[in-house]
Amino acid sequence: IVVNEFCERFSYYGMRAVLVLYFRYFLRWDDDLATSIYHAFVALCYLTPILGAIVADSWLGKFKTIIYLSIVYAIGQIVMAVSAINDITDANRDGTPDNMAVHVTLAMIGLILIAFGTGGIKPCVSAFGGDQFADHQTRQRSTFFSVFYLCINAGSLLSTLITPILRGQECGIHTQQKCYPLAFGVPAALMVVSLIVFIAGSGMYIKAAPQGNIMLDVCNCIGFAIKNRFRHRSKRYPKREHWLDWANEKYNKLLIAQIKMVLKVLFLYIPLPMFWTLFDQKGSRWTFQATTMDGTFGTLILQPDQMQTVNPILILTLVPIMDRVVYPLIRKCGFNFSPLKRMTVGMFLAAMAFVSAALVQIQIDSCTFSKMFRFGAAYTFLIPSTLNLTDNCGASVVEVEDIKPNTVHMALQIPQYFLITAGEVVFSVTGLEFSYSQAPSNMKAVLQAGWLFTVAVGNFIVLIVAELAKLPDQWAEYVLFASLLVAVCIIFSIMAYFYTYINPAEIEAQFMQGDEIDPEDKEKKAIELKSKDFVQQQNEQVGKTKM
């Protein structure tokens with residue numbers, strides 16, 4: 001299971017690292033269209049986990065869901081690799097595809113399959129791993145989740161470092177081009193390996209049967225409450241304390257109380273998509289920005305899409321620093337740095353990252369002229385036919401600089417990557433921990449679905465702005481996003497100020513002592529809550545990594 005997760009994360013992040021440049025330089029889309037399709041794909045990847053969880057819990061079970069969707073996933077990666085082979089439609093062998101529609105169609109089919117594959121198995125793999133341990137095997141389960149967490153980060157880090165190198169190679173049957181087939185092919189191969197390894201362990205797995213999905217129960221209860229309230233909208237019916245109380249006729253009070261707690265947290269999720277709107281642009285707009293910069297580090301030439309490697313490196317560095325140094329130091333100073341305050345700071349740091357990106361963009365747009373041969377430049381030399389090689393030939397050669405060299409160094413992007421990653425650590429990790437602490441143990445999946453949904457909505461916002469804003473300068477777009485997030489940050493801080501922290505276990509205990517639940521059901525419920533506590537704590541740890 002651990003090897004499967006490593007290969008899958010390598011496959012996903014490796015493909016995603018080079019995706020926006022594939023759109024721009026292979027499919028020849030402009031920056032706005034490439035950005036829009038990239039974020040539409042990411043949004044779909046974060047919508048499909050809800051479907052995967054429902055299928056696994058209500059129909060196929062986790063094992064079969066992982067198998068079937070991994071096959072879909074692998075096919076999608078293979079189709080993407082094939083779509084990047086320009087020779088399949090290059091009949092005249094001039095290095096340019098003759099029928100770009102074929103490549104676009106294959107790419108879109110591949111991306112849709114990948115989105116359903118990676119999203120569908122996302123909620124299943126970690127939970128399936130937790131199923132392999134009995135309740136008394138707490139130490140072994142803890143070790144598993146630690147290794148699982150490490151493999152996710154290792155797969156992400158290595159893939160964002162390696163696949164841009166593969167893309168930078170020259171390959172082709174008839175003409176040599178940037179090797180996008182190899183950059184997509186290696187992740188496809190890793191996904192096939194992931195599937196084979198997972199199937200190979202089939203005989204050793206504990207395969208729990210589907211037991212129903214809590215999200216369906218939540219939706220049905222909410223739907224019944226709304227329908228029942230509408231049916232009794234006349235003034236002759238007495239009002240109830242909460243609109244969910246209109247579900248009392250069909251659902252027990254414990255479930256209704258649990259849903260109330262979940263909705264209270266989900267209400268705070270409303271402003272959160274704006275953070276992800278900025279965060280996920282490091283794979284699109286920031287990568288395009290890097291293509292206009294100088295990537296030379298001595299004898300090493302850094303590819304523009306390799307700058308994304310800074311993010312996972314900083315995550316592995318900042319998470320322990322925050323947990324063991326920064327937060328304890330703040331507590332010793334007597335400050336109440338509550339989870340919601342941390343999330344507000346994280347949003348502000350992300351906004352400052354885009355201010356930094358805007359400053360870098362202004363520096364790029366006011367580049368100084370240079371006659372030196374530099375990385376990323378193009379020149380034309382006019383050599384007269386009367387040139388005498390024995391004379392001072394340099395005086396006769398006319399130099400025309402067609403494209404100015406990239407004089408702004410990629411290292412200037414490091415501050416914005418540091419700010420956005422610090423914001424991610426403070427915002428994302430804290431947000432997941434807060435959500436899990438404020439919701440009943442059997443509702444964690446609902447909150448995870450809501451959290452992933454905010455990521456999807458954030459990417460849709462990028463798509464809308466990229467297509468509608470059409471700002472003349474890129475730095476202005478960065479400032480626009482930063483301003484929007486600052487405004488949302490203020491709104492969120494006000495919402496957080498009026499939020500009252502609760503203890504879900506105490507509230508559940510009050511209903512467990514009530515009469516509406518049979519004694520046998522009470523005992524069963526209590527056992528379930530205790531057995532799930534440890535798994536949920538470990539899932540919180542896994543949730544701290546890249547999702």
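Cβ coordinates are placed from backbone N, Cα and C, and glycine is handled just like the others.
Just so you know, TrEMBL annotations are computer predictions that nobody has curated.
Sequence-distant contacts of the transmembrane segment (37-59), counting only residues of its own chain at least 6 positions beyond either end whose CB sits under 8 Å from a CB of the stretch, comprise 16, 19-20, 23, 29, 65, 69, 111-112, 114-116, 118-124, 210-216, 280, 283-284, 445, 448-449, 452-453, 455-457, 459-460, 462-463, 466. Under the heading transmembrane segment, TrEMBL lists 37-59 (among others).
Nonlocal intrachain contacts for the transmembrane segment (66-85), taken as residues 6+ away from its ends with a CB within less than 8 angstroms of a stretch CB, comprise 4, 8, 11, 15, 22, 26, 52, 60, 103-104, 106-107, 109-118, 120-121, 124-125, 128, 173, 180-181, 183-185, 187-188, 191-192, 194-195, 198-199. Sequence annotations record features per position, and here TrEMBL assigns transmembrane segment to 66-85 (among others).
Same-chain residues lying 6+ beyond the ends of the transmembrane segment (100-121) with a Cβ under 8 Å from its Cβ atoms: 8, 12, 15, 22, 26-28, 41, 44-49, 51-52, 55, 65-66, 69-70, 72-80, 82-84, 86, 88-89. Annotated transmembrane segment per TrEMBL: 100-121 (among others), in sequence order.
Residues 1-3, 5-14, 17, 126, 129-130, 132-133, 186-187, 305-306, 308-309, 311-313, 315-316, 538-539, 541-542, 544-546 of the same chain lie 6+ residues outside the transmembrane segment (142-162) yet bring a C-beta within less than 8 angstroms of a C-beta in it. Taken from TrEMBL, the feature transmembrane segment applies to 142-162 (among others).
Positions annotated as transmembrane segment by TrEMBL: 182-206 (among others). Note on the transmembrane segment (182-206): residues 1, 3-8, 10-12, 14-15, 18, 22, 63, 66-67, 70-71, 73-74, 77-78, 80-81, 83-84, 128, 131-132, 159, 162-164, 166-167, 169, 171 of its chain, located 6 or more positions outside it, place their CB under 8 angstroms from a CB of the stretch.
Taken from TrEMBL, the feature transmembrane segment applies to 261-279 (among others). Long-range contacts of the transmembrane segment (261-279) within its own chain (CB-CB distance under 8 A, at least 6 residues past either end) are made by residues 218, 244, 340, 346-347, 350-351, 353-354, 420, 423-424, 427, 431, 434-435, 438-440, 443, 446-447, 450-451, 453-455, 457-459, 461-462, 465, 481-482, 484-485, 488-489, 491-492, 495-496, 499, 502, 504, 507.
Proximity of distant same-chain residues to the transmembrane segment (342-364), defined by a Cβ-Cβ separation under 8 Å and at least 6 residues beyond the stretch ends, is recorded for 274-275, 278-279, 285-286, 289, 292-293, 408, 412-413, 415-420, 422-428, 430-431, 434, 473-476, 478-479, 481-483, 485-486, 488-489, 492-493, 496. Per TrEMBL, the feature transmembrane segment maps to 342-364 (among others).
The feature transmembrane segment is assigned by TrEMBL to 414-434 (among others).
Outside the transmembrane segment (446-466) by six or more residues, the chain places 32, 35-36, 39-40, 42-44, 46-47, 49-50, 53, 122-123, 214-215, 218, 262, 265-266, 269, 272-277, 279-281, 284, 431-432, 435-436, 439, 477, 480-481, 543, 547 with a CB less than 8 A from a CB of the stretch. The feature transmembrane segment is assigned by TrEMBL to 446-466 (among others).
Sequence annotations record features per position, and here TrEMBL assigns transmembrane segment to 478-502 (among others). Within the chain carrying the transmembrane segment (478-502), a Cβ under 8 angstroms from the stretch's Cβ atoms is held by residues 261, 264, 267-268, 270-272, 274-275, 277-278, 281, 285, 338, 340-341, 343-344, 347-348, 350-352, 354-355, 357-358, 361, 438, 465, 469, 471, all 6 or more beyond its ends.
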Contact set of the transmembrane segment (414-434) with the rest of its chain, CB cutoff 8 A exclusive, min separation 6+ beyond the ends, reads 265, 272, 275, 278-279, 282, 286, 307, 310-311, 314-315, 318-319, 322, 339-340, 342-343, 345-350, 352-354, 356-357, 360, 451, 540, 543-544
